[in-house]
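According to Swiss-Prot, the protein has these features:
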- C24, C27, C40, C43: Zn(2+) binding site (BINDING)
Amino acid sequence: MPRKALIAKQQRKQKYRTREYNRCQRCGRARAYYRKFGLCRICLRELAHEGKIPGVKKASW
């Protein structure tokens, strides 16, 4: 769980565009972020197992 200061820092407008980075909308994690869902890998996995993300299911072959 990121500190509140890090989340506030990320939300501020950056002077340079390259300094901007994505955070998980659910937990605030900055690493392993999936743009398509706006979530980190951990939250994506949890929600997918609960069936809360339409069209996502566990692979089986």
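Backbone N, Cα and C define each Cβ position, glycine as well.
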C40 (Zn(2+) binding site) has its Cβ surrounded, within 10 angstroms, by a count of other Cβ atoms equal to 22
Top of the binding-site residues C27, C43 by count of other CB atoms within 10 A is C43
Reduced DSSP state (H/G/I helix, E/B strand, rest coil) at C27 (Zn(2+) binding site) is coil
Apart from the site residues C24, C27, C40, C43, the 8 Å Cβ neighbourhood of the Zn(2+) centroid comprises R23, Q25, R26, G28, R29, Y33, L39, R41, I42, L44
For C24 (Zn(2+) binding site), the same-chain residues 6+ apart in sequence with C-beta under 8 angstroms from its C-beta are A30, Y33, G38, L39, C40, C43
In three-state DSSP terms, C43 (Zn(2+) binding site) is classed as helix
